[in-house]
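Asks: Annotations per TrEMBL:
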DOMAIN    13-222  domain 'Lon N-terminal'
BINDING   Gly379, Pro380, Pro381, Gly382, Val383, Gly384, Lys385, Thr386  ATP binding site
COMPBIAS  586-595  compositional bias 'Basic and acidic residues'
REGION    586-619  region 'Disordered'
COMPBIAS  602-618  compositional bias 'Basic and acidic residues'
DOMAIN    655-841  domain 'Lon proteolytic'
ACT_SITE  Ser747  active site
ACT_SITE  Lys790  active site
Amino acid sequence: MASSGSIQIPRRLPLLLTHDGVLLPGSSMRCSVDTPGNMELVRNRLLRGTSLKSTIIGVTPNTSDPASDSEELPALHRIGTAAIAVQVVGSNWPKPHYTLLVTGLCRFQITEIVKARPYPIAEVEQLDRLEELSSKDEFKEALGDLSEQFYKYAVQLVNMLDNSVPAVAKLKRLLDNLPRELLPDILTSIIRTTNEEKLQILDAVGLEERFKVTIPLLLRQIQGLKLLNKTRNPKIDDDKRVVAIRPLKKLGGISGKGFSLENADDDDDDSDDILMLEKKVKSCSMPEQALKVCMKEMKRLKKMPQSMPEYALTRNYLELMSELPWSKSTRDRLDIRAARILLDNDHYAMTKLKKRVLEYLAVRQLKNNLKGPILCFVGPPGVGKTSVGRSIAKTLGREFHRIALGGVCDQSDIRGHRRTYVGSMPGRILNGLKIVGVNNPVFLLDEVDKLGKSLQGDPAAALLEVLDPEQNHNFTDHYLNVPFDLSQVIFIATANTTATIPPALLDRMEVLEVPGYTQEEKIEIAHRHLIAKQLTQHGLTPQQIQIPPETTLEIITRYTREAGVRSLDRKLGAICRAVAVKVAEGQHREAKPDATEATDVDESKASLSEDTRARDIGDPADLTLPPEMPILIDHHALKDILGAPKYEIEVFERLNQPGVAIGLAWTPLGGEIMFVEASRMDGEGQLTLTGQLGDVMKESAHLAISWLRSNAKKYQLTNASGSFDLLDNTDIHLHFPAGAVTKDGPSAGVAIVTCLASLFSGRLVSSDVAMTGEITLRGLVLPVGGIKDKVLAAHRAGLKRVIIPQRNEKDLEEIPNNVRRDLNFILAAVLEDVLNAAFDGGFLEKSGQELLNSKL
Ligand SMILES: Nc1ncnc2c1ncn2[C@@H]1O[C@H](COP(=O)(O)OP(=O)(O)OP(=O)(O)O)[C@@H](O)[C@H]1O
């Protein structure tokens with residue numbers, strides 16, 4: 001603690017205006033610097049200055065409104081404290097500011113403001129010149145009993161305070177050695193006082209007055225502590241410490257000197273909060289290790305001044321710890337029969353998936369083994385993966401929480417940040433647990449295939465620990481820094497494709513394929529679930545709107561092209577919105593019959609026909625006609641509401657010249673039909689490939705050409721000049737439309753061969769056939785994946801025949817009966833089978849005959 005006895009402060013001092021506290025000589029204070037003037041002072045004077053003198057500033061209480069500081073120099077308190085800036089800490093969060101640690105040296109009085117901008121500089125007069133009273137005798141003579149009385153109370157008070165607070169311990173040690181005249185300032189800053197009281201002490205320039213003002217404050221504190229010791233359990237050291245730093249509310253009124261209690265109330269609330277927080281931490285039955293850490297942090301928190309940046313961090317940490325569901329869980333209520341009914345009620349079709357989910361639930365019912373497999377639903381968007389996850393939680397009576405992992409590329413998203421980081425927070429797993437408030441929810445890890453990687457680590461690696469039943473009972477989030485048991489949580493993952501799921505992660509999950517829907521399934525889903533849901537969402541009833549199955553089919557075939565039902569759902573939503581306008585208008589009319597009659601008679605006469613009425617539904621501007629209920633959504637109404645159809649069946653138009661074939665592709669969004677186009681021109685035997693193809697697909701194209709060249713004679717394939725050397729003076733260009741979409745994989749092999757065979761033979765490929773299959777150089781057709789999705793795509797596109805590899809025959813079982821009925825499947829073992837099926841009347845017939853003849 002500084003003595004001002006030998007200090008000579010500069011005559012001119014820069015002034016730091018404080019709103020939130022009064023600095024007294026001999027004590028230290030942390031102040032937050034965020035007003036423009038103060039920020040300038042720190043930047044220009046403290047951070048640039050090099051001499052000790054440059055660190056001496058005047059700290060002046062600013063009693064006016066803090067907001068006014070930036071505009072004009074406020075009326076300053078004439079007396080301030082010269083202080084030395086001991087530490088400056090800068091931070092940009094939540095906004096740029098500095099935290100300044102200052103130690104008071106002596107009082108000064110402002111004689112004149114020399115400069116007001118960018119920060120005030122004042123001519124000052126030093127007030128505490130204590131060397132005048134340095135001799136003990138002189139001092140005794142001057143103040144006599146008053147000083148003795150003060151000293152007695154000071155000793156009594158300091159003995160009552162808790163020794164474990166460093167400032168108290170230091171004060172106890174120094175009490176005898178410090179000059180008495182310094183004690184009023186030092187004690188006032190350590191006991192509980194309001195800013196107004198501190199200002200009184202600051203203004204008490206004469207020592208006698210200073211003692212007189214301080215004694216009642218000491219007495220008040222002593223009495224308060226006595227009272228508190230009576231009412232509280234004095235054995236608990238922690239409580240005593242809290243009292244020492246932030247005494248309770250009751251103390252405020254004891255001296256009855258009429259000071260403002262505003263600040264006091266804040267502090268009291270805070271200490272109450274801390275006690276509440278402590279209780280909360282103790283009552284949430286966390287494991288011993290976690291409790292130990294919390295108690296340690298709690299101790300630190302109690303000793304910390306509130307202005308310290310770490311105070312908020314520690315407090316947030318403790319609050320999170322107390323909010324985590326360490327031992328709170330819901331009771332599982334599992335009844336397999338009820339689960340089956342619920343799953344069936346919520347979801348149409350998906351038989352295979354529902355069957356596997358029921359098996360999973362049945363095993364849980366029989367054996368509450370928490371180390372069950374982690375299910376991963378893989379399928380195109382909008383096929384109900386998330387919604388099945390939600391149903392599982394519902395059947396188990398557990399809380400449900402979805403964690404979106406798409407685009408997550410930082411492992412601290414999963415594991416949290418260490419608390420040393422500014423703005424650190426726990427990871428998504430623990431945050432999810434805090435939100436649901438129980439430790440056994442169902443967590444849906446959505447889009448695990450879209451996890452990214454970055455310099456900040458691999459989030460998939462962090463997920464490994466979360467999903468591993470052997471490790472996750474000890475999952476340690478960096479923010480928490482103590483283990484949390486995740487073994488009670490059921491994790492379900494969803495993805496659009498397994499190709500991009502990191503192998504180690506995939507290995508820990510049981511993949512359940514969720515394929516796209518057929519048109520018939522979509523119609524059923526729409527009528528059983530989606531329409532009802534949309535009606536409720538738009539406040540409509542089945543008596544007000546009627547959507548026949550033909551309309552749904554039209555939406556499915558001509559307005560959407562998807563494997564799932566999300567766009568269909570959106571289109572139904574659009575229809576409901578348009579109808580809602582009409583219905584609301586009708587109600588409005590009924591409510592005000594006169595007004596409508598008066599204004600709308602003529603217009604309603606003008607549009608009376610049923611047809612026109614239906615067509616007008618989509619036009620919100622035409623609100624003239626009260627609709628007749630239910631409003632039927634027919635073909636015309638559909639066109640009015642949704643506009644012209646987006647997708648036309650174009651297959652036939654595009655297959656009207658040689659060199660085009662239809663392949664089938666699998667994408668994460670479901671199956672797609674894919675046109676393959678080829679053309680030839682004079683050249684030097686170059687092959688050009690366009691349409692963003694991957695390496696495997698390019699290789700398939702080369703394979704196809706090689707096979708055709710080697711079999712050109714057999715199939716009578718010739719180039720433009722009639723030569724069997726197909727590339728002689730000829731360039732070939734192969735294109736796969738939808739050029740912006742990257743395509744890869746071997747399954748286009750048969751389609752490329754067919755397309756080139758068509759080009760070189762000049763024959764048209766049948767317009768009702770699509771194909772998939774990998775090829776070899778010897779002309780074998782090898783099996784490929786995604787058969788169900790591909791077949792559904794062919795069905796959606798209105799094709800009649802599908803060529804698939806023979807070894808994929810077993811996959812046909814998965815295809816719904818109605819689709820199988822509509823389609824004709826050709827199982828191909830070799831490329832000859834493919835070509836024979838792809839061309840009307842077979843491919844070999846004509847050429848094969850010729851070949852035989854030539855042999856004879
Ligand atoms: N078989 C079904 N029966 C009833 N409703 C379904 C069915 N399949 C999908 N839905 C409905 O379709 C909507 C979209 O489903 P959901 O959000 O679960 O799709 P998702 O497969 O999780 O898609 P994404 O991969 O984009 O997250 C939901 O409203 C859901 O209720």
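Residue positions begin at 1 at the first shown residue.
Every residue, even glycine, has its Cβ placed from backbone N, Cα and C.
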Asks: Non-local Cβ contacts of Lys790 (active site) (under 8 Å, 6 or more apart, same chain)?
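Replies: Non-local contacts for Lys790 (active site): Leu664, Ala665, Trp666, Gly671, Ala770, Thr772, Val802, Ile804.
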Asks: Taking only the Cα atoms, work out how far Thr386 (ATP binding site) lies from Ser747 (active site), in Å, as a whole number.
Replies: 30
Asks: I'd like to verify something. Among the binding-site residues Pro380, Pro381, Gly382, Thr386, which ones have a C-beta closer than 6 angstroms to some atom of ligand 1?
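Replies: Going through Pro380, Pro381, Gly382, Thr386 in sequence order, those close to ligand 1 turn out to be Pro381, Gly382, Thr386.
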Asks: Around the ATP site recorded as Gly379, Pro380, Pro381, Gly382, Val383, Gly384, Lys385, Thr386, what other same-chain residues have a C-beta within 8 angstroms of the site's C-beta center?
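Replies: Going along the sequence, the neighbours appear as Phe377, Thr494, Val514, Ala563, Gly564, Arg566.
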Asks: Could you tell me which of these binding-site residues, Gly379, Pro380, Pro381, Gly382, Gly384, has the fewest other Cβ atoms within 10 Å of its Cβ?
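Replies: With the binding-site residues Gly379, Pro380, Pro381, Gly382, Gly384, fewest surrounding Cβ atoms within 10 Å: Pro381.
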Asks: Count the other Cβ atoms sitting within 10 Å of the Cβ of Thr386 (ATP binding site), across every protein chain shown.
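Replies: Excluding its own Cβ, Thr386 (ATP binding site) sees 18 Cβ atoms within 10 Å.
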Asks: Between Val383 (ATP binding site) and Ser747 (active site), find the distance joining the two CA atoms and give it rounded to the nearest Å.
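Replies: With distance taken Cα to Cα, Ser747 (active site) is 24 Å from Val383 (ATP binding site).
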Asks: 10 Å Cβ neighbour count around Val383 (ATP binding site)?
Replies: 28
Asks: Which ones in the same chain are close to Ser747 (active site), with CB under 8 Å and 6+ residues apart in sequence?
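Replies: Looking at Cβ-Cβ distances below 8 Å from Ser747 (active site), excluding near sequence neighbours, one finds Gly663, Leu664, Ala665, Trp666, Thr772, Gly773, Glu774, Val784, Gly785, Gly786.
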Asks: What residues, ordered by sequence, lie under 8 A Cβ-to-Cβ from Lys385 (ATP binding site) and sit at least six positions away in the same chain?
Replies: Phe377, Gly379, Thr494, Val514
